[in-house]
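Participant: Could you have a look at this structure, given as structure tokens, before my questions?
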Amino acid sequence: MVNDRWKTMGGAAQLEDRPRDKPQRPSCGYVLCTVLLALAVLLAVAVTGAVLFLNHAHAPGTAPPPVVSTGAASANSALVTVERADSSHLSILIDPRCPDLTDSFARLESAQASVLQALTEHQAQPRLVGDQEQELLDTLADQLPRLLARASELQTECMGLRKGHGTLGQGLSALQSEQGRLIQLLSESQGHMAHLVNSVSDILDALQRDRGLGRPRNKADLQRAPARGTRPRGCATGSRPRDCLDVLLSGQQDDGVYSVFPTHYPAGFQVYCDMRTDGGGWTVFQRREDGSVNFFRGWDAYRDGFGRLTGEHWLGLKRIHALTTQAAYELHVDLEDFENGTAYARYGSFGVGLFSVDPEEDGYPLTVADYSGTAGDSLLKHSGMRFTTKDRDSDHSENNCAAFYRGAWWYRNCHTSNLNGQYLRGAHASYADGVEWSSWTGWQYSLKFSEMKIRPVREDR
């Protein structure tokens with residue numbers, strides 16, 4: 001329509017001016033319209049460029065900006081084309097005729113609005129994403145100082161723990177050193193104490209001999225003590241042997257298990273007889289040889305006996321008492337270490353519960369004297385002491401020596417021998433809780449073999 005109108009007006013002008021051959025000069029209105037049209041085009045281009053610049057500044061790396069191009073629609077009109085990012089086109093036709101300036105400005109404003117709307121739609125999604133990213137960055141910025149502070153606290157705590165660990169390690173090393181020193185001091189003290197006790201025992205024995213051991217006993221002793229003397233040859237009455245010496249005298253010469261019938265134990269019991277050591281006739285009441293039997297037991301087991309007579313065993317306190325109260329007995333102790341070294345200890349007098357009306361209530365006290373042998377004396381210290389087990393404490397120590405040294409014995413405070421201790425197979429780190437005979441191998445060596453056996457003192461000895 002605009003073009004038709006333009007053509008019509010041009011035709012009219014030509015009809016009116018046909019008689020005139022002289023060309024007319026452009027009017028002021030026409031110049032003004034041309035200037036305004038140029039300004040409008042420049043304004044549109046400037047606005048579009050500014051928006052595109054802002055779009056590139058705030059959303060780098062997004063879709064390419066709209067492309068604005070201009071051109072002539074006809075000889076008397078201009079065409080502005082905007083190509084959007086989605087390949088759609090926006091065309092604006094600009095009419096330079098002065099009579100329609102209002103419409104031209106309206107179209108210009110509409111074009112500007114269209115351009116702005118297109119740019120807004122183009123930037124909407126990236127800006128939304130940018131806002132979310134900015135919000136996330138703000139949140140992270142707020143949390144970062146807290147995380148750094150917590151990391152610093154954890155690092156401080158870690159350093160403190162490392163320092164504490166180092167202090168504990170130093171303390172533990174010091175305690176271990178102190179423990180070793182105390183063990184050494186205890187071992188030395190135990191040795192000094194053993195020598196002191198042995199010396200005192202020797203002095204007391206000498207004093208007793210000086211005062212005369214053959215003096216009559218007081219009335220109480222005579223009432224309590226059974227008659228004990230040397231054994232005559234052969235069995236006392238009948239054919240029942242009272243111990244292994246009677247078995248030997250009856251003609252049996254082989255080691256083995258035999259039945260004996262002590263004077264105060266007429267029901268009798270079986271024992272192992274050693275028929276070879278120093279003439280034979282020995283009744284065995286204790287043997288350790290391989291660790292197959294547990295010797296860390298309570299009172300009832302040690303009273304009644306346990307184990308195998310042909311292997312490791314303990315005959316029982318009540319049976320040892322029955323044997324040693326019917327005559328005067330001597331004790332022989334055989335020992336062997338794990339290097340096949342051997343030694344022995346002999347005691348000319350031995351008895352269990354000799355002066356007791358109720359030996360179990362009295363704790364089966366030990367009587368032993370007159371040492372000789374190659375192993376050294378480790379038993380005289382225990383003479384006069386009651387038997388102690390882990391569940392019946394009769395020693396002179398503040399602690400239960402049986403529980404502490406893992407055995408059962410006539411402990412005093414605590415021991416110089418512990419033949420019923422743990423079978424530890426030679427040298428051991430623990431202190432005095434093995435099969436010990438301290439005068440021969442010390443307190444930290446557990447023997448391979450021990451055997452305790454008794455025999456009556458005969459007239460010809």
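Just so you know, glycine gets a Cβ as well, placed from its N, Cα and C.
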Participant: If you follow Swiss-Prot, the disulfide involving CYS244 connects it to which of the following: CYS235, CYS273?
Facilitator: CYS273
Participant: Candidates are CYS235, CYS414. Which one does Swiss-Prot pair with CYS401 through a disulfide bond?
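Facilitator: Among CYS235, CYS414, the record in Swiss-Prot lists CYS414 as the disulfide partner of CYS401.
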Participant: Since the record lists TYR405, TYR431 as recorded sites, which of them has the fewest other Cβ atoms within 10 Å of its Cβ?
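Facilitator: Sparsest of the recorded sites TYR405, TYR431 by Cβ contacts within 10 Å: TYR431.
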Participant: Can you name the residues of this chain that are 6 or more positions from ASP395 (Ca(2+) binding site) yet have a C-beta less than 8 Å from its C-beta?
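Facilitator: Counting only residues 6 or more apart in sequence, the Cβ neighbours of ASP395 (Ca(2+) binding site) under 8 Å are MET385, ARG386, THR388, CYS401, ALA402, TYR411, ARG412, ASN413, CYS414.
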Participant: Suppose you look only at the domain 'Fibrinogen C-terminal' (235-458); what would the mean pLDDT be?
Facilitator: 95
Participant: Measuring Cα to Cα, how far is ALA432 (site 'Implicated in ligand binding') from ASP393 (Ca(2+) binding site) in Å?
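Facilitator: Here the two Cα atoms lie 18 Å apart.
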Participant: Cβ distance under 8 Å to HIS415 (site 'Implicated in ligand binding'), same chain, sequence separation 6 or more: which residues?
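Facilitator: For HIS415 (site 'Implicated in ligand binding'), the qualifying residues are LYS381, HIS382, CYS401, TYR405, TRP409, ALA432, GLU436, SER438.
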